[in-house]
């Protein structure tokens, strides 16, 4: 059997179940980032990610935007745990016909993201790619988070309200390259109204919400009327396009009023889109069709 | 101008000179690992690396050996700074025709290395690669090191003796896939007889020794008679094959006798191969011909 004939989630689940972890690893594979307990008890977030030519960006795309995207994806994952980015490592695997000007523009985008979110590029590796290969970037990053601010995917409770930031769908028209990771929103939430669970939306709500619910052994009820859909998009696009890089989070019902009354006006708007409920056969999947669950 | 028409060292130097670093980054790009000062003052080593099909391994190679190599390269870099590996992240970029059995064997090699050197695989990312692309692994790792044990590339002194561990050359006959990173040797050195500078040999002595010397603004004198050459290899191979993954280090002359008398018999043998001297036009390069410098 090949990877193309398998489910990515199943493959990862199977492999990860065989990995052994030292006791300083509080959260291993399966959340937005790993959580490592350092010797003094402080927590560190660790994350790796990649963008691949022909998969995550077109060959003709401006390199500066590609560099921003590669970094911002990792920043978004760190934000999704309640953390802030600290340091990043950049691996580039590039064909020898890649133009130096392209590489310099790529690093401009990388540095722009580092300046915007106040982290350092601490190292990197450059390798040649064979002639017919796609160019690829792999980014590894660390982030800081306090014990109080740490938010996992797997700690939601039945009855919690489901929220998203921003608008969903249509990412391919441009947002997938120049999105703003929701660090400010995540920091406000972690400090003022801590979600019971959170993740960032990278594969689309139809894939990501079932994942979040499943990790708490819950199902969900989604209200399609309330979905914050991007201009000129359909509900299907909001559910399935992916690469929204918005926060998906859950909150105990009794905190909802406080959140909505106090959410700062200069942050990305929030939308209440449903609730988590007891897991059953009818409320655990969203295979491209949200209306199955209503 | 393309990457193929440029020097890798020059490209990296130029790009890195434009990166801005936060004050918690003690060592940025240019050494085997970055050194980050954590909030409690402790140091963390951070490193990223990659192995690419057709560049670092053949398509028909056993996946378990490829997995071992990918991890062991990062372990070797951590050892080269006087540290021990702590956690690793694995990014895989694989074509959809990659066999599941290959992926599982790859992870077996990854886990073997983690077991051998007592670190955790804390997370990963899997992306599809386009149809004609090479399969690629990118590994990012953290390591622990104390301030006392930290060894940089750039802190050698004139007159220091140059050593290597093990034997050089002929790596492609197999060692490049199943080498043992010199963690034990590095730990003994850091604790008992700390080198003035150290790095691991990945590109071959002819490239790596000039790099080490240059970072301390020094030249070198190499004694080709003393080079520890692998069986069935020439001096040229020992200098140029690369992927030795041995330690190259320098030591003040007055410590040499202590080192040679006390080096434990169960560690990889050491060889004294030359000295560092004042930089001049004749002792700063080793372009595939060591005899230029004698």
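Every residue gets a Cβ built from N, Cα and C, even glycine.
Per TrEMBL, the Mg(2+) 3 site holds B:32, B:200; the candidate it also names there, chosen from B:77, B:148, B:244, is B:77.
The binding residues for ATP are recorded as B:107, B:153, B:202; their greatest pairwise CA distance is 32 Å. The binding-site residues close to residue B:200 (Mg(2+) 3 binding site), defined as a CA atom within 10 A of its CA, are B:32, B:77 out of B:32, B:48, B:77, B:107. Listed in sequence order, the residues B:33, B:47, B:76, B:78, B:79, B:80, B:81, B:199, B:202 complete the 8 Å Cβ shell around the Mg(2+) 3 site centroid, once B:32, B:77, B:200 themselves are left out. Taking Cβ-Cβ distances under 8 Å and a sequence gap of 6 or more within the same chain, the neighbours of residue B:32 (Mg(2+) 4 binding site) are B:47, B:77, B:78, B:80, B:81, B:153, B:199, B:200. Within the domain 'PurM-like N-terminal' (B:30-144), the DSSP-based counts of helix, strand and coil residues read 35 helix, 49 strand, 31 coil. Under a cutoff of 8 A between CB atoms, and with a sequence separation of 6+ in the same chain, the neighbours of residue B:49 (Mg(2+) 1 binding site) are B:70, B:73, B:74, B:77, B:138, B:139, B:140.
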